[in-house]
Amino acid sequence: MILSDRTINQMIKNGELVVEPLEEYQIQPASIDLRLGSSFLKIDENLMEVMTLNDEIKYVNLERKEIIVPPNSFLLATTREYIKLPPDITAFVEGRSSIGRMGLFIQNAGWVDPGFEGQITLELYNANRLPIKLTAGRRICQLVLARMDKEAKTPYQGKYLYQKKAVGSRVYQDLENKQNKN
């Protein structure tokens, strides 16, 4: 069941759900608008000939209040907000419709698991032939929260727990890679 603004407000007030910093206008009827942070990562194409699922990917770290996303390019960003989900709440990130209509696709590659705590890393893709200028602090995506039928037996304890700033892929830390080394 997707949570309403009333439930979201009550959970924040009770301390069950943490979204900080948060302004009242960010809470929508069935979601929370999240803002763009000032931490960005782009893949360093000069240090790698090819990316694999087995090796750490090299990134260029960019800290700034404004960034230009070139045409047909990919960039990692972060939300300004730090979130903490309880063990019975999961979430997913959707790009704002107004921004999607500009050709900027925003996602986070799946669900935000119950028990997750940290800033959310966003994957941005500019599908245009024109660059798009983005400013930190602008509402960029929506966090949709859903209550699970039961509390998770094992809340999220993965490799992105407590992340701050944009965090690159840690696919090289996957279980499959560890098993192949043994």
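In case you wondered, yes, glycine gets a Cβ from its N, Cα and C as well.
Together with Arg96, Ser97, Ser98, Ile99, Gly100, Arg101, Thr121, Leu122, Glu123, Gln142, Tyr156, Gln163, Swiss-Prot lists one candidate of Asp55, Asp113, Asp174 for binding dCTP, that being Asp113. For Gly110 (site 'Important for bifunctional activity'), other Cβ atoms within 10 Å of its Cβ number 8.
Under a cutoff of 8 A between CB atoms, and with a sequence separation of 6+ in the same chain, the neighbours of Leu122 (dCTP binding site) are Leu36, Leu76, Ala77, Thr78, Thr79, Val93, Ile106, Gln107, Asn108, Ile140, Cys141, Ala166. Sequence-distant contacts of Gly100 (dCTP binding site), defined as residues of its own chain at least six apart whose C-beta falls under 8 angstroms from its C-beta, comprise Ile106. Just so you know, of the recorded positions Arg96, Ser98, Trp111, Gln142, Gln163, the Cβ with the fewest other Cβ atoms around it within 10 Å is the one at Ser98. Spatially, by CA atoms, the recorded positions Gly110, Trp111, Glu123 include one closest to Arg96 (dCTP binding site), and that is Glu123. Cα-Cα distance from Glu123 (active site, proton donor/acceptor) to Ser98 (dCTP binding site): 17 Å (rounded to the nearest whole number).
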